[in-house]
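Below is one structure, written out as structure tokens; comments come after it.
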Amino acid sequence: MKFKSLITTTLALGVLASTGANFNNNEASAAAKPLDKSSSSLHHGYSKVHVPYAITVNGTSQNILSSLTFNKNQNISYKDLEDRVKSVLKSDRGISDIDLRLSKQAKYTVYFKNGTKKVIDLKAGIYTADLINTSEIKAININVDTKKQVEDKKKDKANYQVPYTITVNGTSQNILSNLTFNKNQNISYKDLEDKVKSVLESNRGITDVDLRLSKQAKYTVNFKNGTKKVIDLKSGIYTANLINSSDIKSININVDTKKHIENKAKRNYQVPYSINLNGTSTNILSNLSFSNKPWTNYKNLTSQIKSVLKHDRGISEQDLKYAKKAYYTVYFKNGGKRILQLNSKNYTANLVHAKDVKRIEITVKTGTKAKADRYVPYTIAVNGTSTPILSDLKFTGDPRVGYKDISKKVKSVLKHDRGIGERELKYAKKATYTVHFKNGTKKVININSNISQLNLLYVQDIKKIDIDVKTGTKAKADSYVPYTIAVNGTSTPILSKLKISNKQLISYKYLNDKVKSVLKSERGISDLDLKFAKQAKYTVYFKNGKKQVVNLKSDIFTPNLFSAKDIKKIDIDVKQYTKSKKNK
């Protein structure tokens with residue numbers, strides 16, 4: 001005890017001595033300069049540091065317009081930094097953890113402002129205990145070589161195909177594909193079961209939950225030596241034996257999803273729920289419905305929660321992704337509760353019965369909206385003629401935007417500024433827009449293409465957008481088509497012509513309306529007269545020598561579209577009944 005007391009006293013004296021020295025230094029520095037409030041915990045997180053990064057995959061580098069964002073003067077570990085690096089590799093280049101594990105090389109280099117650098121292996125999984133101050137990082141370069149070793153490529157080429165069949169409720173289905181293994185690969189029954197479950201879900205839509213609730217679920221492995229082994233898909237028990245893939249002849253999968261008689265009675269379970277959005281709760285008159293399948297897993301329950309959030313409050317997956325809070329609480333009748341994050345992809349294998357749930361409370365706190373709108377200048381060139389545009393493209397809300405969103409805005413201004421609609425764009429010779437970035441790069445997008453790019457870009461990185469459309473139309477806005485009218489065999493010369501717009505392709509329905517209009521104005525023949533006429537038709541003569549006869553009394557038209565410039569002339573022929581016949 002005396003020895004312990006002596007050590008404690010010695011340590012205390014040492015601390016007091018060092019503290020006294022520090023007091024003097026701190027007093028001197030405090031007198032020299034004011035307190036830096038940015039380092040205070042009260043102000044922590046309000047200022048950000050943006051660290052530029054580059055990604056090189058298989059020797060090819062890509063310009064990254066965005067940056068890694070950290071809190072200013074934040075001390076982070078190499079583990080946290082690695083998670084951020086893996087995140088941008090996944091989002092920007094689609095490289096997952098598995099790809100990194102199987103890659104030839106995966107590393108990133110941290111460049112510090114003092115001129116030093118540190119190289120970290122992404123495959124090692126070993127981290128130093130050192131912390132880095134985010135304000136000291138100058139840049140980060142990520143380098144991944146996904147090329148496999150030569151021996152791995154040889155292995156991949158030697159695949160072994162195993163045929164399989166699926167029988168559900170006594171009905172068998174021909175499967176054209178096979179289960180694929182590496183030749184002479186030793187696999188466990190657990191791995192084999194995972195493959196069987198995968199094809200059950202992809203081919204027949206049978207999930208793990210369906211298997212658990214099924215009456216029977218098994219598969220039979222038939223070996224080339226004539227033996228076979230039956231495995232229960234519901235047991236979850238696996239032997240330690242390994243199978244050589246080349247010894248398997250075929251696999252038969254058999255599932256009986258029919259419920260027992262006691263489960264056949266249909267019952268609809270209703271679970272009340274409430275939604276709290278940004279601190280404001282609303283009364284929900286409807287309930288979550290669990291019909292026929294009262295047992296559910298948390299993944300399906302989360303999908304139902306997201307559905308009612310979208311339906312009741314208009315909150316989409318995107319809104320949830322950027323929300324400050326997004327979770328729901330399941331209250332059970334036994335007094336227990338469970339909180340689940342809506343943005344989490346990790347679900348427990350537990351099943352929940354609807355009758356055990358008392359209520360569900362959904363809580364969402366959305367992020368603040370963007371304080372300022374963003375504007376991008378644009379130009380429109382139609383058939384080589386460009387006009388100055390005084391307004392800009394306006395982007396509101398999320399600072400990131402996809403090419404699909406830009407295409408919608410481009411179509412909108414084409415319609416508003418130049419009267420060019422979807423139909424004109426569809427038949428245009430050329431319809432593109434070029435996005436010019438501030439870093440000097442550019443990207444040309446076809447307006448008529450179905451853009452499937454998932455890349456998002458920051459509006460602030462766009463310098464301007466040039467829209468270019470070539471419609472192939474001539475300067476004349478309208479075509480004038482000569483026509484004749486013959487009533488009861490008597491034709492009269494018509495000095496005027498049918499005026500038809502060149503701005504778009506026309507249909508026979510459109511032409512019908514034009515013909516009926518001139519019949520009424522020139523000969524006083526109304527729609528009612530045409531209805532009771534013995535014959536009412538017109539013939540369209542095209543410049544290529546073809547012709548088309550159209551019945552004016554019919555409301556059925558061919559879906560063909562054509563240009564007014566292709567019409568040579570139109571002959572209209574109407575034969576009316578005599579008055580005596582008409583009165584009968």
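Heads up, the Cβ atoms here are built off N, Cα and C, so glycines get one too.
Residues or ranges marked as repeat 'MAP 1' by Swiss-Prot: 45-154.
Marked as repeat 'MAP 2' by Swiss-Prot: 156-265.
Taken from Swiss-Prot, the feature repeat 'MAP 3' covers 266-374.
Mapped onto DSSP helix, strand and coil, the repeat 'MAP 4' (375-474) counts 24 helix, 43 strand, 33 coil. Residues or ranges marked as repeat 'MAP 4' in Swiss-Prot: 375-474.
According to Swiss-Prot, the feature repeat 'MAP 5' maps to 475-584.
Residues annotated as signal peptide in Swiss-Prot, with sequence analysis given as evidence: 1-30.
For the repeat 'MAP 2' (156-265), the model gives a mean pLDDT of 82.
For the repeat 'MAP 1' (45-154), the most Cβ-contacting stretch among 266-374, 375-474, 475-584 is 375-474 (pairs under 8 Å).
In terms of DSSP secondary structure, the repeat 'MAP 1' (45-154) contains 30 helix, 46 strand, 34 coil.
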